[in-house]
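Trainee: Before anything else, here's the structure in question.
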Ligand code: HEM
């Protein structure tokens, strides 16, 4: 009996050892083969985007584990760490594109100027299948709903109808002005109704800002009824927003219970809000820019699209959740980063006073803001684009529908393309001292008149915080007015004094740092905060 057990154990031991040796051999073999291929390809074809070269496949970064490829290294949650490593490899091997295996998919990172411009122009690339994955994982849609919401194999007309809605009702100047005016009205009312601000109060600036901007953005886009029905909507929303990329990458429910719970709770509330709104339809012929139940016109036009596509109420609510994400998740941290830099004692000493001079010039006689003049202020604009350069970690992701050369980089059908902003926004060949926040970076001086202006002209393929091409952010015009308007209202109407930094900020001298997260967060979240004393000026708003 004892001999039998011994034989069994020893057989199991041998089997296990065999298994371990096989795994080591397979991984070692995989690494050697992929390393050799990489070295040959990288050395043979430096800088594929150079005009003299024929198109070549970007060299595939070597890896150990077949199938998994570089997934684990890529998932590093120290934002920027992976890109810094890739930048080193790019300099070492003189490459402007690499490929990795990411969760089993051959993924081409393209960061040459010509390659990125080609990504935005190409008709061989699309996003619908990725959007369908977003629909199911991030928005909790059924497969059926996500295919209807993000149709792929349909006539061109139908495929572009959401884009048409955005161009008419989100990008047009009438839509941008209507959204801005409702946003500013609500933001001012939020500040007016906060009694503590008349006395003066100490707050954590970004935390304070996030709450006020959340109410104002949600009301401007979705109407006032949503927050009247669910005053605590922001609690689940914030958890969902923080976990968005984890959900997108398919983190199992077991490891992200709170994220799934927050998603499902938010969708449920939006379902109830939709049902309530549908039960009070507008009168025939009525089509206002904004109304309390569904807010801005763009939302009602989206709802028409949901009905055309026959989405279930659950699918509709999911689609509305991502619309909220669109308006809140980028512009709010963008306003936060800009304010933090303006108010930081470590910024250049005259930065704040020069911004204040500009802002005063955009104030009308009655004290209100002249938005057209505000959005033309040179230093404010330059600082706005500088914050987007430094704090946008965008991955433009596209699927390759048919094989194509993108500015010298050859990508095959079935692969994936990603254009990472970090690689170009922080490329010293494109931007001097790229790690430094330089609010004057985009200022220009007219050679004849000496007049100061600002410009981002000629930066296509180097600077693309709003993406590009067919899928370029349709909220970009409103985003700028919202961010500049937020900063202006606060700085012009309140005395704000720096008290100190709080939390776990990892920036220089305690300045808030970048919150951990997966690559591709768009405007990166803020870790740490700035304690300020804020008091309403006597002159009022
Ligand atoms: C600083 C603020 C913002 C930044 C940096 C930003 C950036 C982006 C980016 C990079 C994309 C994807 C583009 C692509 O795949 O090529 C996008 C999509 C989108 N954004 Fe923005 N965004 C901002 C603010 C806003 C605002 C305020 C709104 C709404 C009012 C908005 C609405 C949208 C929508 C609806 C989409 C999806 C478009 C589609 O599916 O085709 N964004 N945004």
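Glycine residues also receive a Cβ, built from the backbone N, Cα and C atoms like all the rest.
TrEMBL lists 6-34, 97-120 with the feature transmembrane segment. Residues or ranges marked as heme binding site by TrEMBL: 473.
Map these features onto the structure and tell me what's around them.
Mentor: Residues 60-66 of the same chain, all 6+ positions outside the transmembrane segment (6-34), place their C-beta atoms under 8 angstroms from a C-beta of that stretch.
For residue 473 (heme binding site), the number of other Cβ atoms no farther than 10 Å from its own Cβ, over all displayed protein chains, is 20.
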Trainee: So what's near the transmembrane segment (97-120) in sequence-distant terms, Cβ-Cβ under 8 Å and 6+ beyond its ends?
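Mentor: Residues packing against the transmembrane segment (97-120) from afar: 47-49, 51, 57-61, 63, 67-71, 74, 86, 89-90, 249, 396, 398, 405-409, 411-412, 414-420, 423-424, 427, 430, 460-462, 464, 467-469, 472.
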